[in-house]
Amino acid sequence: MSEYIRVTEDENDEPIEIPSEDDGTVLLSTVTAQFPGACGLRYRNPVSQCMRGVRLVEGILHAPDAGWGNLVYVVNYPKDNKRKMDETDASSAVKVKRAVQKTSDLIVLGLPWKTTEQDLKEYFSTFGEVLMVQVKKDLKTGHSKGFGFVRFTEYETQVKVMSQRHMIDGRWCDCKLPNSKQSQDEPLRSRKVFVGRCTEDMTEDELREFFSQYGDVMDVFIPKPFRAFAFVTFADDQIAQSLCGEDLIIKGISVHISNAEPKHNSNRQLERSGRFGGNPGGFGNQGGFGNSRGGGAGLGNNQGSNMGGGMNFGAFSINPAMMAAAQAALQSSWGMMGMLASQQNQSGPSGNNQNQGNMQREPNQAFGSGNNSYSGSNSGAAIGWGSASNAGSGSGFNGGFGSSMDSKSSGWGM
């Protein structure tokens, strides 16, 4: 007749009753069925209080001389398996410890001037235990700057506070991580979406009810005065991102959902994209190179505002390195032409070139860099190039080169 013996993994644990065979033995397979990896049993001797092992022969556990009795038997494990189990427990404990997120300082924006640190602490204490609050003040006047900092004990409290807007002393305030806490290389995954094309009859409660079908809505904000848009903040950033770009129907009106990205992030993206423009004298629509007195060559959509009659090359893309190389090449090539013209002028009767044809006087068109002040005194239609502070007038001849030695200016007469 079989009986049940009490077996446990540790002496202090609650035992499990395991059935024995008809001959009074216990199969090791019966033990391993309840304690995987077990290789034997042991028990504490009531007389000596020492641990004794149970005899094991070919997978069969034999009862002690006095029988199984009411003793509690402890399971034995191989040492290697026990070591592995201990290491697994230790590694899992380390992983759990690393998974615990630490809290950090949160910046509170839009604080009323009258709000004190005590007011701030009392408000945020309703969410959880507050470690620190601080209202930034002007060193000279001692007045509030309109923002402060707060830190909580629990990370869950921090997440909850960041997921919603806060009415503090009659004013809406935002609480978020400072910019220094966010990596610029990581993409910003916002939980807030922009809802465009809203109508005045849409209320915050209606928007909250509508968007609740997609996920938990933490906050709904409609700016006042009404400007035909609203902001909806979800608890999960993945839900917010999945709705971006969608056109949804609310109360029979089509609204467009997009990412509510802060302005400073948009500016950062424009800076990283390498675009030039928007500044006087730069690339783009606000002027260009060559705003000099001698007439410059403008890049982009310039309106020809140079004093010397600058010419535009159209709206094409060019970088500063290319422009500098082009200017250097032009100065070098035209300088060589000027030297050739000077040599020809020195071989003339008096160094003064006369126009050999009956050419009509026409205004010059000049390309220049620096403070060139060419005057239109060339005989014939001349396109003059000059550099440095030339103050004279270059005399050209038909189909050749012309130069004035007195003013050290050179021109190409055409």
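Just so you know, glycine gets a Cβ as well, placed from its N, Cα and C.
Of the candidates ARG189, ARG293, ARG361, Swiss-Prot marks one as omega-N-methylarginine, and that one is ARG293.
If you compare LYS97, LYS102, LYS136, LYS251 in Swiss-Prot, the SUMO2 cross-link annotation sits on LYS102.
Matching 47-58, 167-178, 239-250, 311-322 against Swiss-Prot, the residues noted as motif 'Nuclear export signal' span 239-250. Among SER183, SER266, SER273, SER373, the residue that Swiss-Prot annotates as phosphoserine is SER183. Per Swiss-Prot, the listed range annotated as motif 'Nuclear localization signal' is 82-98 (candidates: 14-30, 82-98). Within the list SER292, SER395, SER409, the entry that Swiss-Prot describes as phosphoserine is SER292. DSSP gives LYS79 (SUMO2 cross-link) a helix state. Note: LYS102 (SUMO2 cross-link) has non-local neighbours TYR155, i.e. same-chain residues 6+ apart with C-beta under 8 A of its own C-beta. Taking all protein chains in view, 9 other C-beta atoms sit within 10 angstroms of the C-beta of LYS79 (SUMO2 cross-link).
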